[in-house]
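Lifted from TrEMBL, the feature list:
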- 55-78: transmembrane segment (TRANSMEM)
- 90-112: transmembrane segment (TRANSMEM)
- 155-177: transmembrane segment (TRANSMEM)
- 189-210: transmembrane segment (TRANSMEM)
- 280-300: transmembrane segment (TRANSMEM)
- 320-340: transmembrane segment (TRANSMEM)
- 393-411: transmembrane segment (TRANSMEM)
Amino acid sequence: MAWNDTEIDRLRHQLRQNISPTMRLSQCLSLAPYPLSAFQRNCSTRSVRIRVIICFRYAFATCITVAVVASQFTMFYYFPHIMYQPKVPIFIVILYYIVSILQTLTTGNMMIGCEQRRAEYEGYFEEVLHLMKETAHQPDCKTTIWYRNVTKVLLALYCIASLTVPIVMTTILWDIATIPYVMAQTVPFVVSSLILNQYFCVFVHLTSILRKMNERLARFLNMLPGSATEPPVQLRGKPLIYNVLGESLKLESSRLDQLEQLRLLHVRTVQTAGSLSEKFGIVIILIVIAAFASVNIELLEFYQSIKLGTLTPTTIFMKFLYAASKFSFYILIAYPNRLIQQENQKALFMLYRIKRISCSVELNEAIEHFISQISNLHDVHQACGMLNLDMKLISNAVAAITSIMVVLIQFSDTGL
């Protein structure tokens, strides 16, 4: 079915509403390619003006990355007392070096390599537009709207946190060391938070598409013969059934065709989510390791401040802000994957109910195929096949931080 310009514009407008604030801010900071067809429709990468802008973005990204590296060297060699306390154990210094290296790699990869990911961004938006077209007739539910507002609130909170560090450090130090300190700490934090906000936004959007497909599957279930003996699935809106093109179903319509269309759409959506996890994989691993080391540093320095009697309200506030903001990265990674898993579980629940009341052998075989495909899509929530991106990530991180903290505190108390 051919797309007309009006329909494409409407879908692009809806897509911009879902993820526009995060993507536009990312484009301004060279953390997302410019231009993108979903946001700058009439811009061509062949025009002289756009080429000049792209060259400027390359120069800007390179300068920022070099400035971060130079700031980290300056802090370690000239102002180490600003980075950590003079009597801090050597392993905390080593952790600082590890975090600095990981943050530099993340900043350089995401900023300098931004334009090389244009095809990946365009491919994602093209695929999502096709998926949105299949569910465009269905309105967003309250849950989807709530999560969309949450993404905007998260973006605002991270922006406030990014501005808090320079303001507080300038107020405390009033020293030239504030400049490299802010550059070394704030830029990597902004890069990591914006990249993870992009990840969170697109997964929330894909979850909304899966949610609409599950609503359609619920209507399919409620219209089956014999479904009256089963508890009805709660639906919002009018109890109508739509096919994949949004047309009302007739009684003689093929249920097998409808189920097959839903299966294909479901698999495409989940595979798109898996592709995103794979493309973000290396960066996610770098951010997870850096956040893990950063949280350990802040907690260890908090313990050292208590031990040395140097604990102040400002120290408590800054350590809590650093640790909480870095640990929140785990939530931005794990929670959207949990949303996808919840929608998959809802789909499996309804498919098993359909199978239980169905009398058709062909329909049961189609359901078995649908169920097996959803069950085999568990590996989409992994980063490079190494890290599981579900809610277990948070519990595993807490357990690992606690274990490492106990060991490092013992080393600290023995003077090593």
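Glycine too: its Cβ is placed from the backbone N, Cα and C atoms.
From a predicted model like this one, the values you see are computed outputs, not experimental measurements.
In summary, the transmembrane segment (320-340) does not lie against the transmembrane segment (55-78): fewer than three C-beta pairs, each 6 or more positions apart in sequence, are under 8 Å.
Segment contact holds for the transmembrane segment (280-300) and the transmembrane segment (90-112), given three or more CB pairs below 8 angstroms at sequence separation of 6 or more. With a threshold of 8 Å between CB atoms, the same-chain residues lying at least 6 positions outside the transmembrane segment (189-210) that come near it are 15, 18-19, 22-23, 25-26, 29, 31-32, 103, 106-107, 110-111, 124, 128, 131-132, 135, 140, 144, 147-148, 150-151, 154-155, 158, 161-162, 165, 266, 269-270, 272-273, 276, 280, 283-284, 287, 290-291, 325, 329, 332-333, 335-337, 339-340, 343-344, 347. Tertiary neighbourhood of the transmembrane segment (55-78): same-chain residues 30, 34, 96-97, 100, 103-104, 107-108, 111-112, 114-115, 177, 179-181, 183-184, 187-188, selected by CB-CB distance under 8 Å and a gap of 6+ residues from either end. Under 8 Å from some Cβ of the transmembrane segment (90-112) lie the Cβ atoms of residues 29-31, 58, 61-62, 64-65, 68-69, 72, 76, 83-84, 184, 187-188, 191-192, 195, 282-283, 286-287, 289-290, 293-294, 296-297, 300-301, 304, 408, 411, 416, all in the same chain and six or more residues away from its ends.
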